[in-house]
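Novice: Would you mind keeping the following structure in view while I ask a few things?
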Amino acid sequence: MGTTAESSGTPGRGAGSKQVGSRSRSERTALRRTLHERGMRMTPQRQLVLDAVRELRHATPEQVCQHVQRTAPTVNITTVYRTLDLLERLNLVRHTHLGHGAPTYSADEHEHVHLVCHRCGRVEEVPCDLLDDLAGTLRQRFGFDLDGSHLALSGTCRDCVNAGGTA
């Protein structure tokens, strides 16, 4: 299952990319400062990995690596995994398991739940507050505090249901 279309309305490329570029400059400064405070420095590889995650929206480490290697062919998968781990510890990206296989990374711009169509592979982002009733029930009955930001729900998307595919 590869990266897929989304209905969140946030463009990853094209017309909205200028907005992303101006936002990225302030985020780069913040990232540089955060790394410096922890005794680390911003490297071109770290920036390329973060930029790839933002552009690809939902991507496996392998997809991030392929994207980065278009600009920097010497960056290897180990560097990508280590960088993703660091960026996640800095709360700049988060991972979700959208199905079987490698985790999928997305920029930590807003909390959301993933709806994954098991028929066509489409991934749709929906707000976490849709889980509020479930979270309340889990807390009350089981003392369990739900973290919906790492959650992927599997089912059949509207297009596949309308096309007659419920399996």
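Backbone N, Cα and C define each Cβ position, glycine as well.
Here's the feature list from TrEMBL:
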| type | residues | note |
| --- | --- | --- |
| BINDING | C117, C120, C157, C160 | Zn(2+) binding site |
| COMPBIAS | 1-10 | compositional bias 'Polar residues' |
| REGION | 1-28 | region 'Disordered' |
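Show me how these features fit into the shown structure, please.
Specialist: In the three-state DSSP scheme, C157 (Zn(2+) binding site) falls into the coil class.
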Novice: What does DSSP say about C120 (Zn(2+) binding site): helix, strand or coil?
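Specialist: Where C120 (Zn(2+) binding site) sits, the three-state DSSP reduction gives coil.
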Novice: Around the Cβ of C157 (Zn(2+) binding site), how many other Cβ atoms lie within 10 Å? Please give the count over every shown protein chain.
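Specialist: That number is 22.
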